[in-house]
Amino acid sequence: MSSFSTLVDNLSFRDSDRESRVSQLSRAKSYASTNATSMTSISGDIKSQLHGGYSHPLARAWQADRQLTKSMLVYPLFITDNADEITPIPSLPNQSRRGINTLVPFLTPLIQRGLRSIILFGVPLAPGSKDALGTSADDPKGPVIASIKLLRRAFPDLYIMADVCLCEYTSHGHCGILRDDGSLNNAMSVDRISDVALAYALAGAHCVAPSDMNDGRVRAIKLKLIDEGIAHKVLLMSYSAKFSGALYGPFRDAAGSVPSFGDRKCYQLPPGGRGLARRAIQRDIGEGADAIMVKPASAYLDIISDAKELGRDMPIAAYQVSGEFAMLHAGAKAGVFDLQEIVMESMQGILRAGANIVVTYFAPELMGWLDQ
Ligand SMILES: NCc1[nH]cc(CCC(=O)O)c1CC(=O)O
Ligand SMILES: [Zn+2]
Ligand SMILES: [Zn+2]
């Protein structure tokens, strides 16, 4: 390392730099002679010397505005309607779909190691559990509502988020109720989505997070929470800037939510749509969101930083999605990089962009790494 920095220092003495360097040196010398009588000489350019500021590991840690902490992490869980099931998800290394009976033993050691929050996704598998209206989404005996109730009792300090969408429950796999032409019926979808959100909140979810992208659902959910008298104890987190793209494949595998026709491009945002994302974020703030989510994370750091700017007075969440998780695992497995190093680097990027909350399948590993 020292031979490398010597090389860099030497390279900076090229002809083009020499003139300004000489004048800086003479300024530095005259500064030294007039202001610091005990100093006999100063060699080198004062302002060019950065390495001393981060030569020690602790000093390197101080360079970050904020450090990743366990309380920033939210761990996604896929809950099936098959109570004893644990089925590994092939495209999501180390992640499984689990039945309600497996949750407490699974979560107990994670919570002991510092896990503070989870987000629940329901995965109904029973034949006949999906229909055009996503009726099973708020089934009181369904996996999400039953899990919320169980986990509130089993882990009083665990913060429970519920993802709110219909795609896991509709026969067509889209995130709302459809018209005959296959497009979303926004009004019906918003009415249904807000009912589902209310049901999760009444079951005890601390946070409801609509990921469906129907227009106006934040306002509709907020109004129903207010009407029910529980708006003061439920956080409404909007997936405001959720982009359509190639990074959700493993999730759709896990949740069985691949659309049976078409795609989600008419409701999820186009990847180039920074302005559209800003409008969606501002709209959702205006509709009463308490927190804003950006998803995916790594390819959308500019959007996270826009969200922090537009929503500077509220928490900003970033969802490191299934495709990002699978990609980092695949790269590490192929020997491209070390898993811990690349995950910590991606977390630094997400924090630098402005996120306060990170939803990530790496939460269990991160708690171990943060303890080191
Ligand atoms: N409402 C659907 C939903 N809820 C969460 C995710 C993605 C999460 C991930 O990829 O990890 C998706 C994506 C989608 O299928 O559009
Ligand atoms: Zn959906
Ligand atoms: Zn969803």
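Backbone N, Cα and C atoms are what each Cβ position is placed from, and that goes for glycine too.
As written in TrEMBL, here are the features:
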BINDING   Cys165, Cys167, Cys175  Zn(2+) binding site
ACT_SITE  Lys242  active site, schiff-base intermediate with substrate
BINDING   Arg252, Arg264  5-aminolevulinate 1 binding site
ACT_SITE  Lys295  active site, schiff-base intermediate with substrate
BINDING   Ser322, Tyr361  5-aminolevulinate 2 binding site
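Residues within less than 8 Å, Cβ to Cβ, of Lys295 (active site, schiff-base intermediate with substrate) and separated from it by at least 6 positions along the same chain comprise Ser211, Tyr239, Ala241, Lys242, Phe243, Ala318, Tyr319, Val321, Val359.
Summary of the Zn(2+) site environment: with the site residues Cys165, Cys167, Cys175 set aside, the chain residues having Cβ atoms within 8 Å of the Cβ mean position are Gly134, Leu166, Glu168, Thr170, His174, Gly176, Ser211, Asp212, Ser257.
In this structure, Arg252 is the one among the recorded positions Lys242, Arg252, Arg264 with the smallest number of other Cβ atoms inside 10 Å of its Cβ. For Cys175 (Zn(2+) binding site), the Cβ neighbour count at a 10 Å cut-off comes to 25, with all displayed protein chains included. Sequence-distant neighbours of Cys167 (Zn(2+) binding site): residues of the same chain at least 6 apart with a C-beta under 8 Å from its C-beta are Gly134, Gly173, His174, Cys175, Asp212, Ala255, Ser257, Pro259. Residues Cys165, taken from the recorded positions Cys165, Cys175, Lys242, Arg252, Arg264, Tyr361, are distinguished by a CB atom under 6 angstroms from ligand 3. Nearest to Tyr361 (5-aminolevulinate 2 binding site) in space, judged by Cα atoms and limited to the binding-site residues Cys165, Arg252, Arg264, is Arg252. A separation of roughly 13 Å, to the nearest angstrom, links the Cα atoms of Cys165 (Zn(2+) binding site) and Arg252 (5-aminolevulinate 1 binding site). Here the Cα atom of Arg264 (5-aminolevulinate 1 binding site) is found 17 Å from that of Ser322 (5-aminolevulinate 2 binding site). A coil conformation is recorded for Arg264 (5-aminolevulinate 1 binding site) in the three-state DSSP classification, outside any helix or strand.
Within 10 Å of the C-beta of Ser322 (5-aminolevulinate 2 binding site) we count 24 further C-beta atoms, all protein chains included.
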